[in-house]
Amino acid sequence: MNILLFGKTGQVGWELQRALAPLGNLIALDVHSTDYCGDFSNPEGVAETVKKIRPDVIVNAAAHTAVDKAESEPNFAQLLNATCVEAIAKAANEVGAWVIHYSTDYVFPGNGDTPWLETDATAPLNVYGETKLAGEKALQEHCAKHLIFRTSWVYAGKGNNFAKTMLRLAKEREELAVINDQFGAPTGAELLADCTAHAIRVAANKPEVAGLYHLVAGGTTTWHDYAALVFEEARRAGINLALNKLNAVPTTAYPTPARRPHNSRLNTEKFQQNFALVLPDWQVGVKRMLNELFTTTAI
(Lines of atoms letter the chains of each structure in order from A and count residues from 1; the text may use other names and numbers.)
(Lines give C-alpha, C1' and ligand atoms only; values in the text may rest on other atoms or scores of the structure.)
Protein backbone atom coordinates (compact mmCIF):
# COMPACT_ATOMS: atom_id res chain seq x y z
CA MET A 1 0.00 0.00 0.00
CA ASN A 2 1.32 3.44 -0.95
CA ILE A 3 0.28 6.20 1.44
CA LEU A 4 0.67 9.95 0.95
CA LEU A 5 0.53 12.07 4.11
CA PHE A 6 0.05 15.84 4.06
CA GLY A 7 0.80 17.94 7.15
CA LYS A 8 3.44 15.59 8.57
CA THR A 9 4.77 18.00 11.22
CA GLY A 10 1.49 19.01 12.88
CA GLN A 11 0.19 17.44 16.09
CA VAL A 12 -1.72 14.70 14.30
CA GLY A 13 0.68 14.46 11.36
CA TRP A 14 3.62 13.67 13.62
CA GLU A 15 1.75 10.75 15.21
CA LEU A 16 0.50 9.60 11.80
CA GLN A 17 4.09 9.20 10.61
CA ARG A 18 4.47 6.57 13.34
CA ALA A 19 1.05 4.90 13.03
CA LEU A 20 0.96 4.67 9.22
CA ALA A 21 4.50 3.30 8.77
CA PRO A 22 3.54 -0.39 9.22
CA LEU A 23 0.78 -0.15 6.59
CA GLY A 24 3.14 0.20 3.65
CA ASN A 25 5.26 2.74 1.81
CA LEU A 26 4.71 6.18 3.37
CA ILE A 27 5.55 9.49 1.70
CA ALA A 28 5.12 12.26 4.26
CA LEU A 29 5.06 15.92 3.23
CA ASP A 30 4.59 19.34 4.75
CA VAL A 31 4.73 22.97 3.61
CA HIS A 32 8.57 22.84 3.44
CA SER A 33 8.90 19.63 1.41
CA THR A 34 10.99 19.97 -1.75
CA ASP A 35 10.70 16.57 -3.50
CA TYR A 36 6.96 17.08 -3.93
CA CYS A 37 4.64 20.01 -3.21
CA GLY A 38 2.96 19.78 0.19
CA ASP A 39 2.12 23.48 0.41
CA PHE A 40 -1.63 23.97 0.80
CA SER A 41 -1.45 27.57 -0.39
CA ASN A 42 -0.73 25.98 -3.80
CA PRO A 43 -3.72 23.72 -4.63
CA GLU A 44 -2.49 23.06 -8.18
CA GLY A 45 0.89 21.93 -6.86
CA VAL A 46 -0.68 19.65 -4.27
CA ALA A 47 -3.00 18.10 -6.89
CA GLU A 48 0.04 17.52 -9.10
CA THR A 49 1.73 15.70 -6.19
CA VAL A 50 -1.24 13.32 -5.97
CA LYS A 51 -1.14 12.65 -9.72
CA LYS A 52 2.63 12.04 -9.71
CA ILE A 53 2.69 9.71 -6.70
CA ARG A 54 -0.62 7.96 -7.48
CA PRO A 55 -1.04 6.70 -3.90
CA ASP A 56 -3.59 4.15 -2.72
CA VAL A 57 -4.42 6.32 0.28
CA ILE A 58 -4.06 10.04 1.00
CA VAL A 59 -4.18 11.19 4.62
CA ASN A 60 -4.69 14.92 5.01
CA ALA A 61 -3.52 16.26 8.36
CA ALA A 62 -2.84 19.76 7.00
CA ALA A 63 -5.19 22.64 7.83
CA HIS A 64 -5.52 26.25 8.91
CA THR A 65 -6.25 25.66 12.61
CA ALA A 66 -5.63 29.15 14.07
CA VAL A 67 -9.28 29.70 14.96
CA ASP A 68 -9.06 33.36 15.95
CA LYS A 69 -6.65 34.27 13.15
CA ALA A 70 -9.08 32.80 10.61
CA GLU A 71 -11.52 35.62 11.43
CA SER A 72 -9.07 38.18 10.04
CA GLU A 73 -7.80 36.05 7.13
CA PRO A 74 -10.89 34.16 5.88
CA ASN A 75 -9.59 33.83 2.32
CA PHE A 76 -6.40 32.12 3.47
CA ALA A 77 -8.38 29.80 5.76
CA GLN A 78 -10.70 28.97 2.83
CA LEU A 79 -7.70 28.24 0.60
CA LEU A 80 -6.15 25.76 3.05
CA ASN A 81 -9.30 24.19 4.50
CA ALA A 82 -11.54 24.00 1.42
CA THR A 83 -9.99 24.96 -1.94
CA CYS A 84 -6.97 22.70 -1.46
CA VAL A 85 -9.10 19.86 -0.11
CA GLU A 86 -11.23 20.08 -3.27
CA ALA A 87 -8.10 19.92 -5.44
CA ILE A 88 -6.92 16.82 -3.56
CA ALA A 89 -10.37 15.20 -3.80
CA LYS A 90 -10.52 15.66 -7.58
CA ALA A 91 -6.98 14.36 -8.09
CA ALA A 92 -7.62 11.41 -5.75
CA ASN A 93 -10.75 10.49 -7.67
CA GLU A 94 -8.72 10.59 -10.87
CA VAL A 95 -6.09 8.15 -9.56
CA GLY A 96 -8.52 5.99 -7.54
CA ALA A 97 -7.14 6.86 -4.10
CA TRP A 98 -8.88 6.96 -0.74
CA VAL A 99 -8.81 10.30 1.08
CA ILE A 100 -8.74 10.40 4.89
CA HIS A 101 -9.52 13.89 6.15
CA TYR A 102 -9.99 15.52 9.56
CA SER A 103 -12.70 18.00 10.43
CA THR A 104 -14.10 19.56 13.59
CA ASP A 105 -17.05 19.95 15.94
CA TYR A 106 -16.92 23.65 14.96
CA VAL A 107 -19.20 22.80 12.02
CA PHE A 108 -22.02 22.73 14.61
CA PRO A 109 -23.67 25.69 16.38
CA GLY A 110 -22.35 24.50 19.76
CA ASN A 111 -25.58 24.79 21.73
CA GLY A 112 -27.46 22.22 23.83
CA ASP A 113 -25.94 19.44 25.89
CA THR A 114 -26.44 16.35 23.70
CA PRO A 115 -23.49 14.85 21.79
CA TRP A 116 -23.72 15.78 18.11
CA LEU A 117 -24.54 13.05 15.59
CA GLU A 118 -23.10 12.89 12.06
CA THR A 119 -26.62 13.50 10.76
CA ASP A 120 -27.28 16.66 12.82
CA ALA A 121 -27.68 19.96 10.98
CA THR A 122 -24.51 22.04 10.70
CA ALA A 123 -24.33 25.77 11.47
CA PRO A 124 -20.76 26.97 12.10
CA LEU A 125 -20.17 29.76 14.63
CA ASN A 126 -17.01 31.12 13.04
CA VAL A 127 -14.87 31.33 9.90
CA TYR A 128 -12.78 28.30 10.85
CA GLY A 129 -15.92 26.16 11.16
CA GLU A 130 -17.31 27.50 7.87
CA THR A 131 -14.12 26.69 5.96
CA LYS A 132 -13.83 23.21 7.48
CA LEU A 133 -17.45 22.48 6.54
CA ALA A 134 -16.74 23.65 2.99
CA GLY A 135 -13.80 21.22 2.89
CA GLU A 136 -16.00 18.34 4.03
CA LYS A 137 -18.56 19.09 1.31
CA ALA A 138 -15.90 19.37 -1.40
CA LEU A 139 -14.47 15.97 -0.48
CA GLN A 140 -17.91 14.34 -0.32
CA GLU A 141 -18.79 15.77 -3.73
CA HIS A 142 -15.62 14.92 -5.62
CA CYS A 143 -14.26 11.68 -4.11
CA ALA A 144 -16.55 8.81 -3.08
CA LYS A 145 -13.71 6.88 -1.42
CA HIS A 146 -13.35 9.09 1.63
CA LEU A 147 -13.28 8.95 5.42
CA ILE A 148 -13.95 12.22 7.22
CA PHE A 149 -13.20 12.24 10.94
CA ARG A 150 -14.65 15.13 12.91
CA THR A 151 -12.71 15.54 16.12
CA SER A 152 -12.32 18.04 18.94
CA TRP A 153 -10.04 19.36 21.71
CA VAL A 154 -6.97 17.76 20.12
CA TYR A 155 -3.71 17.68 22.07
CA ALA A 156 -0.31 16.02 21.70
CA GLY A 157 2.70 15.48 23.91
CA LYS A 158 4.92 17.12 21.28
CA GLY A 159 4.90 20.92 21.17
CA ASN A 160 2.60 23.23 23.08
CA ASN A 161 -0.70 22.15 24.57
CA PHE A 162 -3.29 23.23 27.14
CA ALA A 163 -1.81 21.09 29.92
CA LYS A 164 1.69 22.52 29.47
CA THR A 165 0.33 26.07 29.46
CA MET A 166 -1.65 25.42 32.64
CA LEU A 167 1.41 23.92 34.38
CA ARG A 168 3.58 26.89 33.43
CA LEU A 169 0.98 29.33 34.77
CA ALA A 170 0.42 27.27 37.93
CA LYS A 171 4.13 27.57 38.75
CA GLU A 172 4.01 31.35 38.37
CA ARG A 173 0.63 32.26 39.88
CA GLU A 174 -1.27 31.52 43.06
CA GLU A 175 -4.68 31.95 41.41
CA LEU A 176 -6.02 30.95 37.98
CA ALA A 177 -9.40 31.30 36.26
CA VAL A 178 -10.38 28.64 33.72
CA ILE A 179 -13.54 28.34 31.61
CA ASN A 180 -16.17 25.91 32.91
CA ASP A 181 -19.04 26.29 30.41
CA GLN A 182 -17.47 24.62 27.35
CA PHE A 183 -17.88 20.83 27.27
CA GLY A 184 -15.86 18.32 25.26
CA ALA A 185 -13.40 15.42 25.35
CA PRO A 186 -9.65 16.07 25.13
CA THR A 187 -8.49 13.77 22.33
CA GLY A 188 -4.88 12.71 21.87
CA ALA A 189 -3.16 12.90 18.49
CA GLU A 190 -1.83 9.40 19.31
CA LEU A 191 -5.39 8.05 19.54
CA LEU A 192 -6.44 9.78 16.30
CA ALA A 193 -3.43 8.37 14.45
CA ASP A 194 -3.91 4.82 15.71
CA CYS A 195 -7.64 4.87 14.92
CA THR A 196 -6.86 6.24 11.46
CA ALA A 197 -4.41 3.43 10.70
CA HIS A 198 -6.97 0.83 11.78
CA ALA A 199 -9.73 2.51 9.75
CA ILE A 200 -7.56 2.45 6.62
CA ARG A 201 -7.08 -1.32 7.00
CA VAL A 202 -10.83 -1.81 7.41
CA ALA A 203 -11.68 0.44 4.45
CA ALA A 204 -9.27 -1.45 2.18
CA ASN A 205 -11.31 -4.62 2.72
CA LYS A 206 -14.73 -3.07 3.30
CA PRO A 207 -15.12 -0.02 1.03
CA GLU A 208 -18.73 0.43 2.15
CA VAL A 209 -17.45 2.06 5.38
CA ALA A 210 -16.70 5.23 3.39
CA GLY A 211 -18.30 8.31 4.90
CA LEU A 212 -18.39 10.80 7.76
CA TYR A 213 -17.57 9.90 11.37
CA HIS A 214 -17.17 11.51 14.77
CA LEU A 215 -13.91 10.53 16.46
CA VAL A 216 -13.07 11.73 19.97
CA ALA A 217 -12.01 10.13 23.24
CA GLY A 218 -14.71 8.88 25.62
CA GLY A 219 -16.33 10.92 28.38
CA THR A 220 -16.82 14.66 28.79
CA THR A 221 -15.15 17.43 30.75
CA THR A 222 -14.71 21.22 30.87
CA TRP A 223 -11.50 23.21 30.50
CA HIS A 224 -11.71 23.93 34.25
CA ASP A 225 -11.96 20.25 35.20
CA TYR A 226 -9.29 19.35 32.63
CA ALA A 227 -6.95 21.86 34.32
CA ALA A 228 -7.86 20.49 37.77
CA LEU A 229 -6.83 16.98 36.65
CA VAL A 230 -3.52 18.32 35.30
CA PHE A 231 -2.72 19.99 38.63
CA GLU A 232 -3.76 16.93 40.62
CA GLU A 233 -1.47 14.69 38.55
CA ALA A 234 1.39 17.20 38.78
CA ARG A 235 1.20 17.32 42.58
CA ARG A 236 1.02 13.53 42.70
CA ALA A 237 4.24 13.46 40.67
CA GLY A 238 5.92 15.76 43.21
CA ILE A 239 5.90 18.91 41.10
CA ASN A 240 5.76 22.15 43.09
CA LEU A 241 3.01 24.55 42.05
CA ALA A 242 2.47 28.09 43.34
CA LEU A 243 -1.25 27.69 42.64
CA ASN A 244 -3.63 27.51 45.58
CA LYS A 245 -6.90 28.66 43.99
CA LEU A 246 -8.53 27.52 40.74
CA ASN A 247 -11.58 29.59 39.80
CA ALA A 248 -14.31 28.55 37.36
CA VAL A 249 -15.40 31.31 34.96
CA PRO A 250 -17.75 31.56 31.94
CA THR A 251 -16.56 31.88 28.33
CA THR A 252 -17.47 35.58 28.44
CA ALA A 253 -14.55 36.15 30.86
CA TYR A 254 -12.13 35.65 27.96
CA PRO A 255 -13.42 37.45 24.84
CA THR A 256 -11.95 36.10 21.57
CA PRO A 257 -12.29 37.19 17.91
CA ALA A 258 -13.91 33.84 17.01
CA ARG A 259 -16.96 32.58 18.87
CA ARG A 260 -16.46 29.29 20.71
CA PRO A 261 -19.06 26.49 21.01
CA HIS A 262 -20.34 25.60 24.48
CA ASN A 263 -21.16 22.05 23.39
CA SER A 264 -18.31 20.21 21.66
CA ARG A 265 -19.58 16.74 22.58
CA LEU A 266 -19.54 14.30 19.66
CA ASN A 267 -21.40 10.98 19.50
CA THR A 268 -18.91 8.31 18.36
CA GLU A 269 -21.19 5.25 18.20
CA LYS A 270 -21.07 5.06 14.40
CA PHE A 271 -17.26 5.02 14.37
CA GLN A 272 -16.99 2.42 17.14
CA GLN A 273 -19.52 0.11 15.45
CA ASN A 274 -18.23 0.37 11.89
CA PHE A 275 -14.57 -0.05 12.82
CA ALA A 276 -15.00 -2.39 15.82
CA LEU A 277 -13.00 -0.14 18.14
CA VAL A 278 -13.47 1.19 21.66
CA LEU A 279 -12.57 4.82 22.35
CA PRO A 280 -11.03 5.10 25.84
CA ASP A 281 -12.00 7.78 28.34
CA TRP A 282 -10.22 11.11 27.79
CA GLN A 283 -8.42 10.80 31.14
CA VAL A 284 -6.50 7.73 29.92
CA GLY A 285 -4.68 9.64 27.18
CA VAL A 286 -4.21 12.83 29.19
CA LYS A 287 -2.70 10.96 32.15
CA ARG A 288 -0.35 9.09 29.81
CA MET A 289 0.75 12.33 28.15
CA LEU A 290 1.32 13.94 31.56
CA ASN A 291 3.26 10.93 32.82
CA GLU A 292 5.58 11.16 29.81
CA LEU A 293 5.95 14.90 30.37
CA PHE A 294 6.79 14.51 34.06
CA THR A 295 9.33 11.74 33.52
CA THR A 296 11.14 12.84 30.34
CA THR A 297 11.42 16.63 30.48
CA ALA A 298 12.38 19.35 32.91
CA ILE A 299 9.14 21.31 32.95
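Every residue gets a Cβ built from N, Cα and C, even glycine.
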Matching residue for the NADH site, where Swiss-Prot names Gly10, Gln11, Val12, Asp39, Phe40, Ala63, His64, Thr65, Tyr128, Lys132 - out of Asp30, Asp56, Asp120: Asp30
Site co-member for NADPH according to Swiss-Prot, given Gln11, Val12, Asp39, Phe40, Ala63, His64, Thr65, Tyr128, Lys132, out of Tyr102, Tyr213: Tyr102
Residue from Trp14, Trp153 that Swiss-Prot also lists as binding dTDP-beta-L-rhamnose with Thr104, Asp105: Trp153
Binding-site residues (Gln11, Thr65, Thr104), the one with most neighbouring Cβ atoms at 10 Å: Thr104
Sparsest-packed of the listed binding-site residues (Tyr128, Trp153) - C-beta count within 10 angstroms: Trp153
Nearest-integer angstrom distance between the alpha carbons (Cα) of Lys132 (NADH binding site) and Thr104 (dTDP-beta-L-rhamnose binding site): 7
Asp105 (dTDP-beta-L-rhamnose binding site) to Gly10 (NADH binding site) - Cα separation in whole Å: 19
Neighbouring C-beta atoms (10 Å sphere around the C-beta of Ala63 (NADH binding site)): 25
Inter-residue C-alpha distance, Val12 (NADH binding site) and Thr104 (dTDP-beta-L-rhamnose binding site) (nearest angstrom): 13
